[in-house]
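> Okay, handing you the structure first.
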Amino acid sequence: PALAQLVAEQAAAAGGGRFSLGLSGGSLVGILSRHLAAAAAGPAAPARWLVAFCDERLVPPEHPESTGGAYKVSGAGPGRAGEALLPPRAGPDRC
């Protein structure tokens, strides 16, 4: 919960401006899937977040090794979850 709270506090501190967040895969997916949605509400809501998947592999989002796909499947993110963190056209064909 501490990491999710820190992310939410930093997002809220952006004061309505853009908040940039780099996410890696691995165990971070599970940590954030459990806690970020609850923490990122109100002034920390993700409408102005810019999310980058730092270790993304060049595979489709549905591939087992896709970091972005792992977040989407896990529900790790504000709103309905990981889908809120993914760019609308995420995928190797949009790089």
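The backbone N, Cα and C atoms fix where each Cβ goes, glycine too.
From TrEMBL, here are the annotated features:
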DOMAIN    2-71  domain 'Glucosamine/galactosamine-6-phosphate isomerase'
REGION    62-95  region 'Disordered'
> Over the span of the domain 'Glucosamine/galactosamine-6-phosphate isomerase' (2-71), count residues by DSSP class, listing helix, strand and coil in order.
36 helix, 10 strand, 24 coil
> What average pLDDT does the predicted model assign to the domain 'Glucosamine/galactosamine-6-phosphate isomerase' (2-71)?
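Mean pLDDT across the domain 'Glucosamine/galactosamine-6-phosphate isomerase' (2-71) comes out at 83.
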